[in-house]
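Novice: My questions will all concern the structure given below.
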Amino acid sequence: MTAPGEILHVGAADYPGLDEWRSLPLSQQPDWRGHEDFDSAYAELSAHPPLVFAGEVDKLKRRLAKVANGEAFLLQGGDCAETFDGVTADKISAKVKTILQMAVVLTYGASLPVVKMGRMAGQYAKPRSSDVETRDGVTLPTFRGEIVNGFDFTEESRVPDPKRMVKAYHKSAATLNLVRAFTEGGFADLRAVQQWNKGFMQNPAHARYERLAGEIDRAVRFMEACGADFEGLKRTEFYAAHEALLLDYERALTRIDSRTGKPYVTSGHFVWIGERTRELDGAHMDYLSRVQNPVGVKLGPTTTPETVLEIIEKLDPEREPGRLTFIVRMGAANVREKLPPLVRAVRDAGAKVVWVTDPMHGNTITADNGYKTRRFDDILDEVRGFFEVHRSLGTYPGGLHVEMTGDDVAECLGGSDVIDESAFDQRYESLVDPRLNHKQSLELAFLVAESLTTVK
Ligand code: PEP
Ligand code: MN
């Protein structure tokens with residue numbers, strides 16, 4: 001066995017600087033470099049075909065440049081952590097369907113194209129607050145997402161297993177294959193999506209959205225009467241995003257594009273750095289500074305204007321439109337106070353970034369019965385605060401990032417079709433953070449669209 005640092009990473013694309021991260025502080029990783037299966041798993045991944053292609057990644061960057069310019073809106077949605085068992089046709093189609101439904105409502109509200117993106121096909125690695133978990137006197141490694149270890153609290157399941165990276169690759173390939181088939185094969189037909197939204201409206205709990213839903217319906221019928229090209233509207237672009245947390249996986253799936261000669265992370269179109277791994281001199285920041293993909297950085301309530309400017313310098317020194325997205329997750333109680341100095345600093349520095357609100361991660365609470373949850377009203381309040389801040393500074397609120405599912409789970413509290421904590425025992429499925437269910441997701445889209453149409 002080779003010692004860590006001497007491992008020969010067979011097959012991974014070579015490019016100057018791509019391995020610099022190995023000598024930098026690297027947090028939130030499993031301790032598995034010495035595992036007997038590490039080298040073979042790494043080599044296998046390195047030899048696999050890319051999951052996404054450089055041309056698609058470049059196209060997404062052009063779309064995000066439009067968002068940065070105020071000419072499009074970005075919608076990012078999906079699980080906190082995907083699971084291997086969750087890779088089924090039903091679950092994936094429900095998720096894609098919900099994102100498409102939300103997108104139609106937001107397109108109408110913003111009168112702008114919506115760039116659609118799933119936290120999908122690679123969202124398997126999770127940062128954790130502790131390396132170990134202790135239950136009844138037994139201490140085991142913490143669950144880091146199914147790309148690393150299993151959720152069950154047994155030694156066998158919790159010991160990190162590098163072969164899981166290969167499984168995650170195949171699960172991601174199966175997910176992407178279905179997503180591509182759905183979104184390019186007619187599933188995205190605007191008329192069908194509008195029919196699904198009518199199903200949502202039939203629930204009396206959602207009667208207050210009738211006016212907006214009626215307007216969208218009339219707009220679709222008007223387009224049809226005008227002879228709009230519905231063939232063209234049957235397809236949509238749909239992009240895959242995940243947190244680039246597990247750098248062994250990201251490095252093994254990095255490829256050099258033959259057209260440009262530049263490195264791309266090919267595990268997903270868009271990758272982001274989480275709140276816990278965004279140290280300026282850390283490995284994650286260094287690695288993503290060297291690839292061509294559009295990248296996101298999560299910004300929590302302790303972020304300072306100086307840090308934000310340094311992140312721009314590090315990840316987007318050329319000020320390339322669409323390259324950098326800030327995903328703000330301040331919490332409803334903080335956003336109105338903590339966000340303005342950051343936005344002002346970026347605006348005054350003349351940098352063009354995409355500003356997205358993640359109204360989930362700053363609003364997590366523990367319910368009386370012990371479940372991790374979030375209140376729908378807090379989520380909505382943070383979104384509203386985000387829009388208010390941008391409106392008052394004359395900057396552009398470019399998007400929404402949510403943890404959601406297409407299924408009828410009970411994980412977040414509230415919504416018009418009320419979820420309360422008594423439903424958690426039966427319908428709480430998430431292994432990590434609580435997600436909006438199908439109805440709550442759509443309701444959030446309607447509420448955001450309403451506030452967008454009232455400002456116009
Ligand atoms: C996440 O997006 O699931 C996450 C861990 O977020 P953050 O880095 O903002 O805490
Ligand atoms: Mn999460």
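Keep in mind that glycine also has a Cβ here, set from the backbone N, Cα and C atoms.
Quick paste of what TrEMBL says about this protein:
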{"type": "BINDING", "residues": "CYS80, HIS361, GLU403, ASP433", "note": "Mn(2+) binding site"}
{"type": "BINDING", "residues": "ARG119, GLU275, ARG276, LYS298, ARG329", "note": "phosphoenolpyruvate binding site"}
Novice: Give me the CA-CA distance between ARG119 (phosphoenolpyruvate binding site) and CYS80 (Mn(2+) binding site), in Å, as a whole number.
Specialist: 8
Novice: Taking the recorded Mn(2+) site as CYS80, HIS361, GLU403, ASP433, identify the other residues of that chain whose CB atom sits within 8 Å of the mean position of the site's CB atoms, giving them in sequence order.
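Specialist: After dropping the recorded site residues, what remains is MET360, THR364, SER430, VAL432, PRO434, ARG435.
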Novice: So among the binding-site residues ARG119, ARG276, LYS298, ARG329, HIS361, who's got the most Cβ atoms within 10 Å?
Specialist: ARG119
Novice: Cα-Cα, whole number of Å: ASP433 (Mn(2+) binding site) versus ARG329 (phosphoenolpyruvate binding site)?
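Specialist: About 14 Å separates the two Cα atoms.
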Novice: Do you know offhand how many angstrom separate GLU275 (phosphoenolpyruvate binding site) and HIS361 (Mn(2+) binding site) by C-alpha?
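Specialist: With distance taken Cα to Cα, HIS361 (Mn(2+) binding site) is 10 Å from GLU275 (phosphoenolpyruvate binding site).
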Novice: So which binding-site residues out of CYS80, ARG119, GLU275, ARG329 are up against ligand 1, CB under 6 A?
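Specialist: So the answer is CYS80, GLU275, ARG329.
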Novice: Among ARG119, GLU275, ARG276, LYS298, ARG329, the annotated phosphoenolpyruvate contacts, find the widest CA pair distance and round it to a whole Å.
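Specialist: Greatest Cα separation within the listed binding residues comes to 18 Å.
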Novice: Non-local Cβ contacts of GLU403 (Mn(2+) binding site) (under 8 Å, 6 or more apart, same chain)?
Specialist: GLY77, GLY78, ASP79, CYS80, ARG119, MET360, ASP433, PRO434, ARG435, LEU436
Novice: How big is the gap, in Å, between the Cα of ARG276 (phosphoenolpyruvate binding site) and that of HIS361 (Mn(2+) binding site), rounded to a whole number?
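Specialist: Cα of ARG276 (phosphoenolpyruvate binding site) to Cα of HIS361 (Mn(2+) binding site) measures 12 Å after rounding.
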Novice: Going by DSSP, is ARG119 (phosphoenolpyruvate binding site) part of a helix, a strand, or coil?
Specialist: strand
Novice: Look up CYS80 (Mn(2+) binding site) in the DSSP assignment and report helix, strand or coil.
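Specialist: CYS80 (Mn(2+) binding site) sits in coil per DSSP, no helix or strand.
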Novice: Per DSSP, to which secondary structure element type does GLU403 (Mn(2+) binding site) belong, with helix, strand and coil as the options?
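Specialist: Looking at the DSSP assignment, GLU403 (Mn(2+) binding site) belongs to a strand.
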Novice: Return the count of C-beta atoms lying within 10 angstroms of the C-beta of CYS80 (Mn(2+) binding site), excluding that atom itself.
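Specialist: I count 22 other Cβ atoms within 10 Å of it.
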